[in-house]
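So that you can see what the record holds, here are the features copied from TrEMBL:
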- 9-28: transmembrane segment (TRANSMEM)
- 74-91: transmembrane segment (TRANSMEM)
- 98-116: transmembrane segment (TRANSMEM)
- 122-142: transmembrane segment (TRANSMEM)
- 149-170: transmembrane segment (TRANSMEM)
- 182-200: transmembrane segment (TRANSMEM)
- 210-237: region 'Disordered' (REGION)
- 222-237: compositional bias 'Polar residues' (COMPBIAS)
Amino acid sequence: MAKKNSLKFIFDSPVVLVFSVVSTVIFISDLILKLNLSEKIFECPGAKSVPAFDFKSALSYVKLVIYPFGGENSTSFFLNIGFILLLGPVLEERYGSIMLALMIFITSLVGGVLTACVSTFGISGCGGIVFMMIILSVLSVFIKKQLPVSWIFIFALYLAFSLFSGKKISGFMPFMQNNVPVFIQLASGICGSLFGFFVCPKKRSSQIQKKQQEKTIENEPENSSGSDETIVGNISL
């Protein structure tokens, strides 16, 4: 009897899924249970924010890298998690789970350090990681001497959303000062994406091409035995 094809769930992107699940649990805890975890724990204080970054506190240094698990509002949370779940698995397959986790760590650390040193606002949310994934996706195609307009459009729209989704402020300088966290997330995303792009793009691409070639060879029909037949006979004069 033929075996029935059954639907199987695969844990395809462990780094992306774990990050998304942890962020979702924190968001639901703040939304339903009113624990305010994002404000108390998962927010990195700025140099001149209230409260300011405490260089004598061990928790402040931990906040330098854990703030992406927090979130500002429901709109930003769902948008950021949607981008991560959409782009993350492709990048994790290309670069590997360890490298993607390292890129996320570097992106978070750069954003946290910049916030603690120069920002007048605290920072929370995974906007920097989204910027990193978008830029890294563009760079992965740019290496082929192609510049996809669709990705540029996505980057521009997400940047515009990050800049104008907050409260309305009149004046150029007040607007720029209010969006310092956005520019910090953009800078951290650029650093994380450039790190991943320059460290191992050729290695990962060669591994993917090798796997594809192996699959192609395995799927090729074995026609050598059927085509190379020798006819033996007698010739009578």
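Glycine is no exception: its Cβ is also placed from the backbone N, Cα and C atoms.
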For the transmembrane segment (74-91), sequence-distant contacts whose Cβ falls under 8 Å of one of its Cβ atoms, 6 or more beyond its ends: 12-13, 15-16, 19-20, 23-24, 27, 31, 100, 125-127, 129-130, 133-134, 136-137, 158, 161, 165, 196
Cβ-Cβ under 8 Å with the transmembrane segment (98-116): same-chain residues at least 6 beyond its ends: 15-16, 19, 44-47, 53, 60, 63-68, 88, 91-92, 122-123, 128-129, 131-132, 136, 181, 184-185, 187-189, 191-193, 195-196, 199-200, 204
